[in-house]
Amino acid sequence: MDSNTVSSFQVDCFLWHVRKRFADRELGDAPFLDRLRRDQKSLRGRGNTLGLDIETATRAGKQIVERILEEESDEALKMPAPRYLTDMTLEEMSRDWFMLMPKQKVAGSLCIKMDQAIMDKNIILKANFSVFFDRLETLILLRAFTEEGAIVGEISPLPSLPGHTDEDVKNAIGVLIGGLEWNDNTVRVSETLQRFAWRSSDEDGRPPLPPNQKRKMARTIESEV
């Protein structure tokens, strides 16, 4: 049995015990108590699968947590703050642009725009966004630029629909790339986006998309105005 699996179960058991003590003092709200009940069932199932006694695992988990806390400073216990990363300058973010053949699609809480009159261009995607725990947290603005600096596409959050995940952003980027590539443009993304928006990309700095997916994405954005 993998040692990480065992220690993870032990720590989960102890943390559940701490939460149970908290609830016993009538300090937990309804969602807290609901999660406590669901997690209890989950721990019982995991204990049966692993063949481990929950009470014994709880004691072992307490020792693990105590060792960790002994090594932690007060500074380390602070919640890390999001980092704000910028591919674009203020001028690039605030510049007005227009489309000869405008196409627009709303995907969840993100709005995707592109100019389908653009053909046979080398295009780079740049974005300004915040990062939390080394993952994209909030997209501020993403724009597609030609080598000449013209803006030909954009992804922006909708003010009326706040909240999006890194997967939402990744999917929106895929739609934008598919639409631009439909017109024989070559699209790549900035190194910053490669690092935080997705974990795998090809040598051209863009996520690998099979031809059938690119065609599907292009048709999707083609049908939305």
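Using N, Cα and C of the backbone, Cβ positions are placed for all residues, glycine too.
Taken from Swiss-Prot, the feature region 'RNA-binding and homodimerization' applies to 1-73, supported by sequence analysis.
The average pLDDT computed for the motif 'Nuclear localization signal' (34-38) is 92. Sequence annotations record features per position, and here Swiss-Prot assigns motif 'Nuclear localization signal' to 34-38.
Marked as motif 'Nuclear export signal' by Swiss-Prot on the basis of sequence analysis: 132-141.
Per Swiss-Prot, region 'CPSF4-binding' is recorded for 175-210.
Annotation source Swiss-Prot lists region 'Disordered' at 200-225.
The region 'PABPN1-binding' feature in Swiss-Prot is assigned to 218-225.
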Helix, strand and coil residue totals from DSSP for the motif 'Nuclear export signal' (132-141) stand at 0 helix, 8 strand, 2 coil
